[in-house]
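Read through the structure below, which is laid out as structure tokens, and then see the notes.
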Ligand SMILES: CC(=O)[C@@H](O)[C@H](O)COP(=O)(O)O
Ligand SMILES: NCC(=O)COP(=O)(O)O
């Protein structure tokens, strides 16, 4: 079994482009759930470039599956998470100048803050995931910080320009997934995954969940949101079955 987390950030990107009330990321989330999404992921960024605080509050009341709230390692975001109470929080790095997430959270560098934040959230009944690069030292640091879940950053795999680079990145992800699984982690993955590159990642048996947004929302512009979700889920299942 492999779960699909649909990230609806970029439905909100389209809304923010004009400051209208549409398209609604909340409507997109509910449609995605009805089409087979196993969870909804959303990233409340410090600069609120797409998802807004109200989106998170309202969505938490309406989702039928579960909410995976991505957030930076800040007091503001911790307080917001404690107030909303998502099932999952994923700690991600954030730079205001970045176009999108550029890498995994450096758990080693920010260990004390990660450990303290993880404890506060876990004590509130929230499952904590940490978005990290496929790196053994980062995996071990995430373990020592008390997280039970990691999400492996697949951006370098997705952005690889040559087959050799892509294959090398896939091996890194696979080896990291095996190692993290041996340490007892729930292992997820995401960033930059698309209809063209998802199957080899879905084929890694240690991976429990893929969080996919930009490519899925983009495809939905042409086929509709339900079909985009169904197609992605079908590819993931095919990948897991080695088809
Ligand atoms: C952590 C990650 O890779 C994404 O889930 C994140 O949401 C990317 O940020 P944008 O959605 O703002 O591109
Ligand atoms: N954590 C990855 C995610 O939620 C979606 O990333 P992307 O598919 O929008 O690149």
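Using N, Cα and C of the backbone, Cβ positions are placed for all residues, glycine too.
What TrEMBL says about a protein is an automatic prediction, not a curated fact.
The active site, proton acceptor annotation in TrEMBL covers 43, 70. Under the heading active site, proton donor, TrEMBL lists 191. According to TrEMBL, the 3-amino-2-oxopropyl phosphate binding site annotation covers 7, 18, 192, 213, 214. What TrEMBL records for 9, 10, 45, 50, 100 is 1-deoxy-D-xylulose 5-phosphate binding site. Summarising the annotation, TrEMBL assigns site 'Transition state stabilizer' to 151.
Here the features listed in TrEMBL are painted onto the structure.
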| residue | record | DSSP (3 states) |
| --- | --- | --- |
| 7 | 3-amino-2-oxopropyl phosphate binding site | strand |
| 18 | 3-amino-2-oxopropyl phosphate binding site | coil |
| 45 | 1-deoxy-D-xylulose 5-phosphate binding site | coil |
| 70 | active site, proton acceptor | strand |
| 100 | 1-deoxy-D-xylulose 5-phosphate binding site | coil |
| 151 | site 'Transition state stabilizer' | strand |
| 191 | active site, proton donor | coil |
| 213 | 3-amino-2-oxopropyl phosphate binding site | coil |
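Comparing C-alpha positions, residue 18 (3-amino-2-oxopropyl phosphate binding site) sits nearest to 9 among the recorded positions 9, 45, 191.
Listed recorded positions: 18, 43, 50. Those with a CB atom under 6 Å from ligand 2: none.
Taking a Cβ distance under 6 Å to any atom of ligand 1 as the criterion, the recorded positions 18, 151, 192 reduce to none. Listed in sequence order, the recorded positions from 43, 45, 50, 100, 151 having a Cα within 10 Å of the Cα of residue 7 (3-amino-2-oxopropyl phosphate binding site) are 43. Checking each of the recorded positions (151, 191, 192, 213, 214) against residue 45 (1-deoxy-D-xylulose 5-phosphate binding site), the C-alpha distance stays within 10 Å for none of them. When the CA atoms are compared, no recorded positions among the candidates 151, 191, 192 lie within 10 A of residue 9 (1-deoxy-D-xylulose 5-phosphate binding site). Using CA atoms as reference points, the recorded positions 43, 70, 151, 213 were checked against residue 10 (1-deoxy-D-xylulose 5-phosphate binding site), and the closest is 213.
On the backbone, the CA of residue 214 (3-amino-2-oxopropyl phosphate binding site) and the CA of residue 151 (site 'Transition state stabilizer') stand 17 Å apart. For the recorded site, residue 50 (1-deoxy-D-xylulose 5-phosphate binding site), the DSSP three-state label reads coil. Shown are the binding-site residues 7, 100; of these, the residue with the fewest other Cβ atoms within 10 Å is 100. Residues 9, 10, 45, 50, 100 make up the record's 1-deoxy-D-xylulose 5-phosphate site, and a Cβ search at 8 Å around their centroid adds 7, 12, 13, 43, 49, 51, 213, 214 from the same chain. Of all the binding-site residues given, namely 192, 213, the one with the smallest number of surrounding CB atoms inside 10 A is 192. Each of the recorded positions 10, 18, 50, 191 was scored by how many other Cβ atoms lie within 10 Å of its Cβ, and the smallest score goes to 18.
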